[in-house]
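Asks: Just dropping this structure here.
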Amino acid sequence: MASRKHLAAVKGAKVLMVGAGGIGCELLKTLALSGFQDIHIIDMDTIEVSNLNRQFLFRQSHVGQSKAKVAREAVLKFRPEISITSYHANVKDSDFNVDFFKNFNVVLNGLDNLDARRHVNRLCLAADVPLIESGTTGFLGQVTVHVKGKTECYECQPKPAPKTYPVCTITSTPSKFVHCIVWAKELLFAKLFGDKNQANDLNVRSSDGASSSEQAEDVFEHRNDEDIEQYGRRIYDHVFGYNIEQALSNEETWKNRNRPRPIYSRDVMPNGLGQQNGSMEKNGASNDVYSVSAMASLGMKNPQDIWSLMENSRVFLEALKLFFLKRQKLAVEFVTSAANIRAASFGIPLHSLFEAKGIAGNIVHAVATTNAIIAGLIVIEAIKVLQNDTKNYRMTYCLEHPARKMLLMPVDPFEPNKSCYVCSETPLSLEINTHCTKLRDVVEKIVRAKLGMSLPLIMHGSALLYEVGDDLDEDMVANYAANLDKVLSELPTPVTSGTMLTIEDLQQELSCKINIKHREEFDEEKEPDGMVLSGWTQSPAVAQDDKKSTANAGSTSNASSSMEAERTDDVETTPGRKRKLSEVSEAVNPDIPGVAGSSTRNPEKLELVDDDDELVIFDNWDSVTSKKIKLQ
């Protein structure tokens, strides 16, 4: 039975939830059933068909509607006496500033991307509000507690950007070629050559809802009165034309995004052009099932060539035609051409067949049970935080297989990292060629990309070199724009070796200092940016992956960070018993050598990525362990 102190802490708490997806649905339900009376939810996404298999608060009729608003309405049906406030918005919007965060007793994250997580972490630090983080990948999950001055913040250990992509991104708002690959492979290819009766977001768009699902089903049926090219063009026009037009009808989605363009086959290939597609015999292709190729049929030989939109369209139709002859080896050509056509629609650079093969990795499906377990653990930690029960805070890892008879592995939180530039304000060091590098490069590659600042301000002493904001007059905007195109040593207040820059983010109320060190030359392969930031570290594997055009982030290599030297190797897992952190790492991920049993290594930290959706793709699958756990 809950104590009075427990009940008072819960009922009097004002809670902010960020994210209403896979974890968020379970979390909102658990909060409501646990007695919480005042809950606020922020989520910018709308409901997709692919969410329905585990985001149980949503139904088919909700497709296209705000996740936050529908989740609120669903929970109020069985808990009408509580207060739930929903915001269909981006947590990075200016409305959600430090003053907004100060209104809450605790913040609970159920996010699916690193950038938003870092942003919320900084706002919580500035507002001095405890943050509980969470993540899931398949059967794996984690919950961590971050309290200013008592535990490490979310950024105390460097994290590679996750290689996971929510389905809502893949189906509606792709921004990377890998999103298009997953769409082509897991949705379009599966729909055409798998179970045609299985509903996915190719059938139902946000604006036509459940009413058009039957009509959309018919599109994928090969009619008796049409030849294979007519069928291929009809599929082409539906997925690259009609579906894009339907997506564009949801104006809310494209407020802050580039609008895609519908592509129809008639615009790319006039009628009759498809008939010019070659035959296997004419182009010398073998009749062997395993050697036939749409490329060969069309006289295209080099897999490293990047096909034009018309060439991709011809490969798409030719591969579709040959597939009906059961030539299964054509899958990669079909997926590449479909992904490229979709990429063209969304303004994403096209890729070659050779590159696409390297991107089309393995898929991990989300598990609703994992989300439910993690949501329960979040609420447990939230109650501890509200009761100020510091000694019982735990970071908890959910495992796929029992380790020492445990599926839930609790670990004591770590103290703040003294080298963290976010919560400890430790100066950073930037090696850079001050005679060649422009301020724009520093802003884009360092301040925004690596430090994650949204509204940066850069100062050299009392001189303001760069600032972003709506309240700037035209002269100031023009002045800062001019500074962006100047090399560092030629700025009005020159930046040279030994200069100490102050970087601030006005929205996050974050400030850090960067000591500039001039360096003439850089290794183009190892240091492609032409600058090296120290104090903020990435694992070597991450830096290597960043050179690839398809990579979103680093690998899950077992490289440990030098920042972790401050940690103790003993962690308490159960009363009266101490457990080595290295033992925990070994139990969770025994396949990675060198994690446990080495007294010369710093302890590893486990970090999972929240998929928050059905598909999780890893760009460089070879670098990911069979357990899908990220080791920092």
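Easy rule for this one: first residue shown is 1, then count along the chain.
Glycine is treated like the rest: Cβ placed from N, Cα and C.
Features from TrEMBL:
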- 8-420: domain 'THIF-type NAD/FAD binding fold' (DOMAIN)
- 19-24, ASP43, 51-54, LYS67, 112-117: ATP binding site (BINDING)
- CYS153, CYS156, CYS420, CYS423: Zn(2+) binding site (BINDING)
- CYS168: active site, glycyl thioester intermediate (ACT_SITE)
- 430-522: domain 'Ubiquitin/SUMO-activating enzyme ubiquitin-like' (DOMAIN)
- 540-605: region 'Disordered' (REGION)
- 550-562: compositional bias 'Low complexity' (COMPBIAS)
Asks: Which of the recorded positions CYS153, CYS156, CYS168, CYS423 has its Cα nearest to the Cα of ASN53 (ATP binding site)?
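Replies: Result: the closest of the recorded positions to ASN53 (ATP binding site) is CYS168.
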Asks: Counting other Cβ atoms within 10 Å of each Cβ, which of the binding-site residues ASP43, ASP112, ASP115 scores lowest?
Replies: ASP115
Asks: Given the recorded positions GLY19, GLY22, ASP112, ASP115, CYS168, find the one whose Cα is closest in space to the Cα of CYS423 (Zn(2+) binding site).
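Replies: Nearest in space to CYS423 (Zn(2+) binding site), counting only the recorded positions, is ASP115.
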Asks: Counting across all protein chains shown, how many other Cβ atoms sit within 10 Å of the Cβ of CYS420 (Zn(2+) binding site)?
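Replies: Other Cβ atoms found within 10 Å: 21.
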Asks: Quick one: pull the CA-CA distance for ASP43 (ATP binding site) versus CYS168 (active site, glycyl thioester intermediate), whole Å only.
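Replies: The separation of the Cα atoms works out to 13 Å.
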Asks: Taking only the Cα atoms, work out how far CYS168 (active site, glycyl thioester intermediate) lies from GLY19 (ATP binding site), in Å, as a whole number.
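Replies: Cα-Cα, rounded: 13 Å.
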Asks: Measuring Cα to Cα, how many angstrom lie between CYS153 (Zn(2+) binding site) and ASP112 (ATP binding site)?
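Replies: Taking the Cα atoms only, CYS153 (Zn(2+) binding site) lies 18 Å from ASP112 (ATP binding site).
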Asks: Please list, in sequence order, every residue of the chain apart from CYS153, CYS156, CYS420, CYS423 whose Cβ lies within 8 Å of the Cβ centroid of the Zn(2+) site.
Replies: LEU125, GLU152, TYR154, GLU155, PRO416, ASN417, VAL422, SER424
Asks: To which of the binding-site residues CYS153, CYS156 does the lowest count of other Cβ atoms within 10 Å belong?
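Replies: Each of the binding-site residues CYS153, CYS156 was scored; lowest Cβ tally within 10 Å is CYS153.
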Asks: Compute the C-alpha separation of CYS420 (Zn(2+) binding site) from ASP115 (ATP binding site), stating it in Å without decimals.
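Replies: With distance taken Cα to Cα, ASP115 (ATP binding site) is 17 Å from CYS420 (Zn(2+) binding site).
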Asks: Tell me the Cα distance separating GLY19 (ATP binding site) from CYS156 (Zn(2+) binding site), rounded to the nearest angstrom.
Replies: 22
Asks: 10 Å Cβ neighbour count around GLY22 (ATP binding site)?
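Replies: That number is 29.
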Asks: Just to be sure I understand the packing, how many Cβ atoms besides its own are within 10 Å of the Cβ of GLY19 (ATP binding site)?
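Replies: If we count other Cβ atoms within 10 Å of GLY19 (ATP binding site), we arrive at 30.
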Asks: For the domain 'Ubiquitin/SUMO-activating enzyme ubiquitin-like' (430-522), what is the mean per-residue pLDDT, to the nearest integer?
Replies: 91
